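Q: OK, TrEMBL features for this one:
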TRANSMEM  37-61  transmembrane segment
TRANSMEM  106-125  transmembrane segment
TRANSMEM  137-158  transmembrane segment
TRANSMEM  170-196  transmembrane segment
TRANSMEM  216-239  transmembrane segment
TRANSMEM  307-325  transmembrane segment
TRANSMEM  346-368  transmembrane segment
TRANSMEM  374-401  transmembrane segment
TRANSMEM  413-436  transmembrane segment
TRANSMEM  475-493  transmembrane segment
């Protein structure tokens, strides 16, 4: 990769004053842009595969009774690369081979590395995730963290490319490609990882005769993903030519130091300051439900495969939902959709809390799990509403990011906004999972002085024939606290978001002053 020379930069760069906003008023029209639209959709779908693998792993771990919430909290660190990508986003914007293309210079090698990473994981997954012994949490975290860093880098590249690959009046569709593509990738990896590796599911629905193991093993599945990544990347490298960014009217070259200082320039914008505070706190209200609800259902006795089977059809809904809401989110006020959905998601906190509380009563009869159909109907309803609202809010937020981002520094600008949003979700999720055991209080049924707070105390309770009974469940405490914080957040930030989304494109441009 090459770094543009400073002398060339000083010759080409000039003070930025006002940028014509006229294009932003044009109506979206994908005529002539359909191939680019589908390529973006494919690139985001490929991103969704590693995200889906990381998403499904906590559910696989939770189904193994020897995995604690402390282990889950440690594994939740694998989502942090998405929140830390701003550290290397300026490098992605500044370093590239001009002949190869500003975005392809990173896309091609990183996707090849992703393929190699998946193949390496395939060769070790049986050791890290054994059938009987306790999983090797740390090695799983290391490998998934590395895969997350590669996926986060791809996110920087594709987000930046989407601002120039599509015409200016079509950039609102970038959020549609993002949401739909990611969901497609997550769904595909989700289905294969849960169902096609399940012996019960394979024997019941996929085989004529029962056999041992699933149709695929996790080993073969990861290997197949790795080979597919390498194949698709090769085709993109050969057949897709990137537009020369030097031909753009507002083209600006920055070196590495200037790209890092650009982050500070963006953060100094008044609108970004308010938006940063908003994004870092936006997901507190939903943290308990988003992070723990499914895990608590599995703890309560609902089979893992059944929970996943219920969620699978929702992926199809989430794939096409962005296309349906695109006409509302691609307009000048996409955050109206986000704000409308927020109160309903807060109400779902209470609904899930009540539902999980009564789950043992509804599904356990005479000590055996016997789940009635009406229970599944209620579960499908709640999960559907939660996923649909979450996806609508995500599309609205991404559309807003695409609309306000300065395309001259698309990778860094979009990465900053994405980092702030991801960081808001990552820290609230990690804290929520990590605190649930701390906020849960137990007591031995035959010795009320025994709090069952340590392994020794639990063993003492079992020795005398007692059981450790939950007196206060941390999940319900967190649900109540998160809901209250969410209501306060909505009252404070509703006016702020309504105000900043009305600002024109020039309000979000970075004014970079340099010598002529």
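Using the three backbone atoms N, Cα and C, a Cβ is placed for every residue, glycine included.
Given the structure is predicted, the values throughout are model-derived calculations rather than measurements.
How buried are the listed features, and what sits near them?
A: Residues of the same chain lying 6 or more positions beyond the ends of the transmembrane segment (106-125) and with a Cβ under 8 Å from any Cβ of it are 43, 46, 50, 92, 96, 100, 139, 143, 146-147, 150-151, 153-154, 156-158, 161, 218-223, 225-230, 232-233, 236-237.
Sequence-distant contacts of the transmembrane segment (137-158) (same chain, six or more residues past either end, CB-CB distance under 8 Å): 40, 43-44, 46-47, 50-51, 53-54, 57, 61, 67, 71, 74-75, 77-82, 84-85, 88-89, 92, 103, 106-107, 110-111, 113-114, 117-118, 120-121, 124, 128-129, 411, 414-415, 418.
Long-range contacts of the transmembrane segment (216-239) within its own chain (CB-CB distance under 8 A, at least 6 residues past either end) are made by residues 39, 42, 46, 49, 53, 104, 107-108, 111-112, 114-119, 121-123, 125-126, 129, 189, 192-193, 196-197.
Same-chain residues lying 6 or more positions outside the transmembrane segment (307-325) and placing a CB less than 8 Å from one of its CB atoms are 56, 59, 175-176, 179-180, 183-184, 186-187, 190-191, 194-195, 201, 294, 297-298, 337, 376, 379-380, 383-384, 387-388, 391-392, 395-396.
For the transmembrane segment (374-401), the residues of the chain that approach it from at least six positions outside its boundaries are 172, 174-176, 178-179, 183, 286, 289-290, 297, 302, 306-307, 310-311, 314, 317-318, 321-322, 325-326, 328-330, 334-338, 341-342, 344-345, 348, 351-352, 355, 359, 362-363, 414, 417-418, 421, 501, judged by C-beta separation under 8 angstroms.
Counting only same-chain residues 6+ beyond the ends of the transmembrane segment (413-436), those with a CB under 8 A from a CB of the stretch are 69-70, 72-73, 76-77, 79-80, 82-86, 89, 92, 155-156, 159-160, 163, 263, 266-267, 272, 275-276, 279-284, 287-288, 290-292, 397, 401-402, 404-406, 474-475, 478, 482, 510.
Within the chain, the transmembrane segment (475-493) has long-range Cβ neighbours (under 8 A, six or more residues past its boundaries) at 278, 281-282, 284-289, 292, 296, 339, 342-343, 345-346, 349-350, 352-353, 356-357, 432, 435-436, 439-440.
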